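Enquirer: Swiss-Prot lists these features:
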{"type": "BINDING", "residues": "HIS40, ASP67, GLU71", "note": "Fe cation binding site"}
Amino acid sequence: MKTHKTKNDLPSNAKSTVIGILNESLASVIDLALVTKQAHWNLKGPQFIAVHELLDTFRTQLDNHGDTIAERVVQLGGTALGSLQAVSSTTKLKAYPTDIYKIHDHLDALIERYGEVANMIRKAIDDSDEAGDPTTADIFTAASRDLDKSLWFLEAHVQEKS
């Protein structure tokens with residue numbers, strides 16, 4: 001993919017590697033934001049309002065992290081790939097079921113996907129650092145903190161005292 005000139009002094013091979021990591025992560029973060037809204041709109045059952053509002057908070061966080069990730073791609077001279085077509089072909093998440101309604105079913109589906117993205121982002125921290133880009137690693141660290149907290153909140157809704 002063509003890159004644009006920038007005065008950013010990271011080596012070009014580091015930029016290329018990190019741009020790939022960023023765009024792959026961007027696709028899955030956007031996908032996770034979309035499925036979060038899918039659940040938000042369609043869930044039914046006890047605790048509706050609490051979960052409905054919680055998912056709005058998560059969506060806002062995901063949108064903010066997606067924006068930061070996309071902007072980092074461009075800062076490094078790349079092109080942020082956030083179109084529906086790019087997200088659909090690049091996301092690592094499996095398709096979200098559109099035939100579920102019970103809150104618990106949505107929570108289970110979201111827990112699986114939040115866990116996947118949280119793990120992917122943790123790997124992106126290490127991969128960005130190994131490529132020599134601590135700034136991108138820091139961006140992923142911030143996203144990781146929020147994803148882990150969101151995952152904890154989701155899991156707390158379905159876990160029972162043992």
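The backbone N, Cα and C atoms fix where each Cβ goes, and this holds for glycine too.
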Enquirer: In sequence order, which same-chain residues at least six apart have a C-beta under 8 angstroms from GLU71 (Fe cation binding site)?
Expert: ALA80
Enquirer: So for ASP67 (Fe cation binding site), how many other CB atoms are inside 10 Å of its CB?
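Expert: Around ASP67 (Fe cation binding site), other Cβ atoms within 10 Å: 14.
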